[in-house]
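Each remark here refers to the structure printed beneath this line.
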């Protein structure tokens, strides 16, 4: 179908000059080349909508402010059958199981590092814990969040069958993270001044500074691992990272033994062992992918193009980073608040045990969240909004079951779980009192974590960041401080603050997902995969796209803008 927009003046003939001739359907499923609007395609494989771009008599003012009509929410065109639900469940399990296995392998590696730190002494353990907390807040959470910005771009591009866009986004993301690691490096180099300014113990500060200095190579390894992991996961490929993580963990124990026990490098040896293990993961991952040819269908060599067109990536990476950091930082703030309560030693120790517990439980909903992000992105990129919606609904249901299981586990193990970490009576009492609250927290945390994955798949990180900010810091933090200090509930009051944050966050996430217009999101995905390849969108193209969107909201009819059925 071809639409020509022209301007006529009464009483005189006017020769209309074509400003530009652009095909909106430039993102063909099988090619990335632009098809001129003047060319007549021979038997196009998909329904395409060609537009001759001419001057518009009544252009839309501020088209970027056009929003979906909340009164026209998408319903299933064809209600899913039980077979559809089972098929989607299997697809989510196929993706999430290797991700969960990888996370458990990495979790065991972190436990090994803490054990070697504990063998060095209380001072070294405290310094290592402080350094790891600082590294998480200022480094690892930032890189993980920034890398999440490429997730919707890759998953939607794969669904739209735009292979070049995947490798292009990978190259841009690696460069972006390497550049972002530079200011983090300078921050870590000055850790001593920062900690001394915060009145930390000089000896602990000295050990923490040493740990972070030897962790710097790990920062740059993560700048490669995060993008490669997302690049593969967007294509439904998850087993290479599992195998690479297993290889790194197998090497982790002997490397720690060599550096700490044999060479007696102390805290520096533990940090260097972690960095070396991560380098082994990176080396094994790249070698496996290259040797098996998994990269071939979507790979293009790096070029100058990866140095341009960063705007869409940055616009997604910024809010993604904020969303991840807001949640990560909450737990570090909780540890600081514990230090202000009565008997801070027992409080901080119990908080450490409980955070390790929540980290273990978090492996499962986060893995499902990564899986549903990929599934939703793939289906939206392929212009199948009904399937994207089905994936979101099924994943939320599975997350609710996970939350119920976690709640029963935490409540049932309240008197036995703490004994795996310590024999201190006071720490055991605090841990036992807080575990049922943690179980209730997980009942909200599992759906909201998976909900974040759905929002990542729809390329709406700003919404996720706003939800996390509102829930954790506008609601949760005041409740935690109020109950913990003003009301006098103490340690459990901090966890009740987290419970209020999780309930609020889960409610907001469910509302956002429940009111999502999936046809509109599919249209955005098609537009995003076209824009991202150049990083820009011609204003006239945007005007026509939004006119077509207006037509959809007026008539309920979808026009396939980008050569997708």
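Along the chain as shown, residues are numbered 1 onward.
Each Cβ is built from the backbone N, Cα and C atoms, and glycine gets one as well.
The annotation transmembrane segment is assigned in TrEMBL to 91-112, 124-143, 174-196, 208-225, 237-260, 267-290, 353-372, 392-410, 465-487, 493-514.
With a cut-off of 8 Å on Cβ pairs spaced 6 or more residues apart, the transmembrane segment (208-225) and the transmembrane segment (237-260) reach fewer than 3 such pairs and are scored as not touching. Beyond the transmembrane segment (91-112), the same-chain residues lying 6 or more positions past its ends with a Cβ under 8 Å from any Cβ of the stretch are 233, 236, 238-239, 241-242, 245-246, 248-249, 252-253, 256, 274, 277, 359-360, 363-364, 366-368, 370-372, 374-375, 391, 394-395, 398. Taking every listed stretch (124-143, 174-196, 267-290, 353-372, 392-410) in turn, the largest tally of C-beta pairs under 8 A with the transmembrane segment (237-260) is reached by 267-290. Counting residues 6+ beyond its ends, the transmembrane segment (493-514) has Cβ neighbours under 8 Å at 330, 334, 337-338, 351, 354, 392, 396, 434, 437-438, 440-445, 447-448, 451-452, 454-455, 463, 467-468, 470-472, 475-485, 487 in the same chain. Same-chain residues lying 6+ beyond the ends of the transmembrane segment (174-196) with a Cβ under 8 Å from its Cβ atoms: 130-131, 134-135, 138-139, 142-143, 146-147, 202, 204-206, 208-209, 212-213, 215-216, 219-220, 222-224, 226-227, 306-307, 310, 313-314, 317.
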